[in-house]
């Protein structure tokens, strides 16, 4: 939606809303701690999300991402530290803060007994919006979700990608200061995923602030302009995606597949900054790839892929390659 849609009937701001100052953090956690029994799940966590950012919160399973989201929404109480959301202290004024937030949960919770347009209307009432305001916003949201021609369709008849787009549109019904998205494209095929990315980029272009959790590193690299990686409830790295790639990896990657990789690794190690075995793949990190590629050329029973380093390399370096439950 364009900014002028707020005044031409597409997207009308709630009259009682107080603006969040542009130069302050829209979300801030300071030394936040949460534990269940003896298990610490969020450990002195500091975060700041500023207006206009697409902020990625990354971490393996069990890192504390879901608990962090619950804490910032006031759905669970911290054991220590302080939180503010949209200028409100959390959890003391969590209900007021949540009125200025849109949430896209990991799993769709649309009402299957209602149509697309009815899902939008009902959700608008949860925020106390008048029927007039809701009716002004719905057409723009249907257009945003590319569901103009499915407004009266039942949710049960929509594809997975359509349901996900409707969930995002529904989270925008209150014109939120912050949009929180938990694994927004999990379970979608590539075409549906790319369409969601396109819609999110249009939100970012309009200045919307987004907090995103995802296990798709390509998604984080494409969408986010700032990232925080957590593990064990602690922040272990933060920065812009390409800055993290440069500082943590800083070179090209050659993936090698084939026979007798342990033997081959010995001859390739002197040609690389470092090497790493993971399953049936040898990873070689190289600043000058030509000598290593020359050594691989003509090797029988060996395949290889030379590529730039990416955010997945960073994530695996920081959190390890072991499977997490």
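Keep in mind that glycine also has a Cβ here, set from the backbone N, Cα and C atoms.
Straight from Swiss-Prot, the features:
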- 27-257: domain 'ABC transporter' (DOMAIN)
- 59, 60, 61, 62, 63, 64, 65, 66: ATP binding site (BINDING)
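Local packing around the Cβ, expressed as the count of other Cβ atoms within 10 angstroms, is greatest for 59 among the binding-site residues 59, 60, 62, 64. Take the binding-site residues 61, 66: by the count of other Cβ atoms within 10 Å of each Cβ, the lowest one is 61. Of all the Cβ atoms in the protein chains shown, 22 others lie within 10 Å of the Cβ of residue 65 (ATP binding site).
The average pLDDT for the domain 'ABC transporter' (27-257) in the predicted structure is 94. Its Cβ taken as reference, residue 63 (ATP binding site) is surrounded by 23 other Cβ atoms within 10 Å in the chains shown.
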